[in-house]
């Protein structure tokens, strides 16, 4: 008799995706982040659901309701901090996942890659809207500053901002709609993630060498299921250390002050995972130019398949490209640091140089290095 997992309409989909899936035998721990992102998403949906049961999306009670969750709801504090720090873990996994894709040339699977970029944008939008919900000082002013950027769009900008706000400033209407969007977006992300997997399973996974692994495949279960479980345990360990020992390490103290439209905080800054893009935005003196640079800093990922000039897929055997890749990582860390600093000398010039380096590395230096490497190999 044929196994039910191979005949049942639902089970055979699960089977072909997670059990009998032929996977390359040499994929390293860098391939764990896909499953970790799935776990992060499930964790965020579950903790978010329980938070939504006690949260009120109204300017007069939002801040108090978050305080109530932390003080009066059974284990509310741990749910709240798991959700807040879960977002940080989500972005750590996202950056690692994208970095892996860049290093090993996974972007040559263009459909999978482009859905991934859309997923990144959707996750960033969700995180931004979630940050507004506690209605602290940084929530309010962050929402004001970031939504105001849309006013840089010629002709329709101002109308667009007022339409998003639902009035003439960030107020009750804004908070209510942000809560509605923040609730629905993770489910859209989950649907997109399934499409992401669907496209991936059309081609199969890449591997560290970037060479076809058709000749050497192993079943996903038990080899990679056990490996993913190990990754998940390490992720949960890291998250719980953060939640239980220093839950406010990555947060902003200003968010423990209720939102006050009459009092601007001295340094308005987003959560740490947006600081690199925020630094690029601030490094351009022109408003529209800054907004374009901000969007392009992420949208540039779409161009990666077009900028691939090497005759090898992976960077595994390309030392010059490897060197530039790690310079890019260092540059992004520099931008992250600058994004959290006040707008004054020497931070302004460092931010501008790091922003120029970011675009220069991706658009010019890395494609040039690939061409040089091709010639060195006499291809």
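Just so it is clear, glycine is given a Cβ too, placed from its N, Cα and C backbone atoms.
The annotation transmembrane segment is assigned in Swiss-Prot to 33-53 (among others) on the grounds of similarity to another entry.
The transmembrane segment annotation in Swiss-Prot covers 77-98 (among others) and is backed by similarity to another entry.
A C-beta separation below 8 Å, combined with a sequence spacing of at least six in one chain, links residue 83 (heme b b562 binding site) to 44, 47, 48, 51. Feature annotation from Swiss-Prot assigns heme b b562 binding site to 83, 182; the stated evidence is similarity to another entry.
What Swiss-Prot lists as heme b b566 binding site is 97, 196. When Cβ atoms from all protein chains are considered, those within 10 Å of residue 97 (heme b b566 binding site) total 20, not counting its own.
Per Swiss-Prot, transmembrane segment is recorded for 113-133 (among others), and the stated evidence type is similarity to another entry.
Residues or ranges marked as transmembrane segment by Swiss-Prot: 178-198 (among others).
The 10 Å shell around the Cβ of residue 201 (ubiquinone binding site) contains 14 further Cβ atoms across the protein chains shown. The annotation ubiquinone binding site is assigned in Swiss-Prot to 201 on the grounds of similarity to another entry.
Per Swiss-Prot, the feature transmembrane segment maps to 226-246 (among others); the stated evidence is similarity to another entry.
Residues or ranges marked as transmembrane segment in Swiss-Prot: 288-308 (among others). With a cut-off of 8 Å between Cβ atoms, the residues of this chain six or more beyond the transmembrane segment (288-308) that come close are 98, 102, 105, 107-108, 110, 113-114, 117, 120-121, 124, 149-150, 152-154, 276-278, 280-282, 355, 358-359, 362-363, 366-367, 370.
Annotated transmembrane segment per Swiss-Prot: 320-340 (among others), in sequence order. Through the fold, the transmembrane segment (320-340) approaches residues 99, 102-103, 269-270, 272, 274-280, 282-283, 310, 347, 350-351, 354-355, 357-358, 361-362, 365-366, 369-370, 372-373 of its own chain, all at least 6 residues removed from its boundaries and within a Cβ separation under 8 Å.
Sequence annotations record features per position, and here Swiss-Prot assigns transmembrane segment to 347-367 (among others).
Sequence-distant neighbours of the transmembrane segment (113-133) (same chain, 6+ residues past either end, Cβ-Cβ under 8 Å): 55, 57, 62, 66, 87, 90-91, 94, 97-98, 101, 106-107, 139-140, 142-143, 146, 170, 174-175, 178-179, 181-182, 185-186, 188-189, 192-193, 195-196, 199, 270-271, 273-274, 298-299, 301-302, 304-305. The CA atom of residue 196 (heme b b566 binding site) is located 21 Å away from the CA atom of residue 182 (heme b b562 binding site).
For residue 182 (heme b b562 binding site), the same-chain residues that are 6 or more apart in sequence and have a Cβ closer than 8 Å to its Cβ are 48, 126, 129, 130, 133. Neighbours of residue 196 (heme b b566 binding site), defined as other CB atoms within 10 A of its CB across all chains, total 21. A gap of 17 Å separates the Cα atoms of residue 201 (ubiquinone binding site) and residue 97 (heme b b566 binding site).
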